[in-house]
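Report on the following structure.
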Amino acid sequence: MVSQARLVSSTLIKKNWMTDEVVRLTFSDPHIPALAVPGQFVFLRPSPLNYPLLRRPYSLFDVDEEKGVFDLLVKVVGVGSRILSQRSEREMVDLIGPLGNGFFLSDNSGQRELLTWSDSKHLIVAGGMGIAPMHFLARRLKERGEEVVVLFGAVSRNEVLCSSEFQELGALFVVSTEDGSLGKMGKVSSLIPEYLSRDKRIQIYACGPRGLLKEVVELSRREGLLCQVSLEERMACGLGACRSCVCKVGTESQFEYKRVCRDGPVFRAEELVVE
């Protein structure tokens, strides 16, 4: 994909706290909504000052091209995310985007379209903040008339995110929690076999902790399923120059390093070495 990213100043127009730690930020900008595809991200400066020095990557949670707005999910875990969460509505936020390769493949004509089998079900598997890039994807799939099931895993019910947002799209939203406080008790990966037993024509899209991704990648290879994985990595530049966010592509014995920010963050499951 040829990058169409630009350095822009977007206006923060709305803040909505989803939990005590996670806030949904809505920005107004004419550039990013017109160009973004599901799975891409923006690289933003949390503060108008030079502290913290490095920008932070955030997946595009949702995009409305007609209204010229986009949304990010931010979990407060450190200095940068805390400062960003405290920004006021109507403030301008400095960011670069859209960046990376999303849930898309190029065909021979140079056009880009969702990798899809006809009459297949789309299974989104997300753990924790891995839900961040999936709402935009689900929206695009539902706009195409596709059947979408979201399997979401969290530690407890207090960390369950975005159920109503996905249900409003018409997607089935299924929850598992490790403590059993909501939905099925256990890891979200334990929900996948039930859907495979019903229908083998399933495509999987996954994002979340490395342990979850490893399980999903191994399952998709074993079952011969189409699967795309969105990786989460710390980044210094967001443009591929510093090579601080590399992942292994190939096999365990013969691999090369790819940059998550530039070559990803979305990769095909069959090419990833997830450790």
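Placement of Cβ uses the backbone N, Cα and C atoms for every residue, glycine included.
Now, the feature entries from TrEMBL:
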type	residues	note
DOMAIN	1-105	domain 'FAD-binding FR-type'
BINDING	ARG56, PRO57, TYR58, SER59	FAD binding site
BINDING	CYS237, CYS242, CYS245, CYS261	[2Fe-2S] cluster binding site
Set of same-chain residues at least 6 away whose C-beta sits under 8 angstroms from CYS237 ([2Fe-2S] cluster binding site):
SER244, CYS261
In whole Å, how far is CYS245 ([2Fe-2S] cluster binding site) from SER59 (FAD binding site) when you measure between their Cα atoms?
15
Report the member of CYS242, CYS245, CYS261 (the binding-site residues) whose C-beta atom has the most other C-beta atoms within 10 angstroms.
CYS261
What's the CA-CA gap between CYS242 ([2Fe-2S] cluster binding site) and ARG56 (FAD binding site) in angstrom, rounded?
15
List every residue in the same chain as TYR58 (FAD binding site), at least 6 positions away in sequence, whose Cβ is under 8 Å from its Cβ.
PHE41, VAL42, LEU44, LEU72, LEU73, VAL74, ALA132
When the domain 'FAD-binding FR-type' (1-105) is classified with DSSP, how many of its residues are helical, how many are strand and how many are coil?
11 helix, 49 strand, 45 coil
Cα-Cα distance linking CYS245 ([2Fe-2S] cluster binding site) and PRO57 (FAD binding site), given in Å to the nearest integer:
11
In whole Å, how far is CYS245 ([2Fe-2S] cluster binding site) from ARG56 (FAD binding site) when you measure between their Cα atoms?
13
Can you check how the pLDDT averages out over the domain 'FAD-binding FR-type' (1-105)?
92
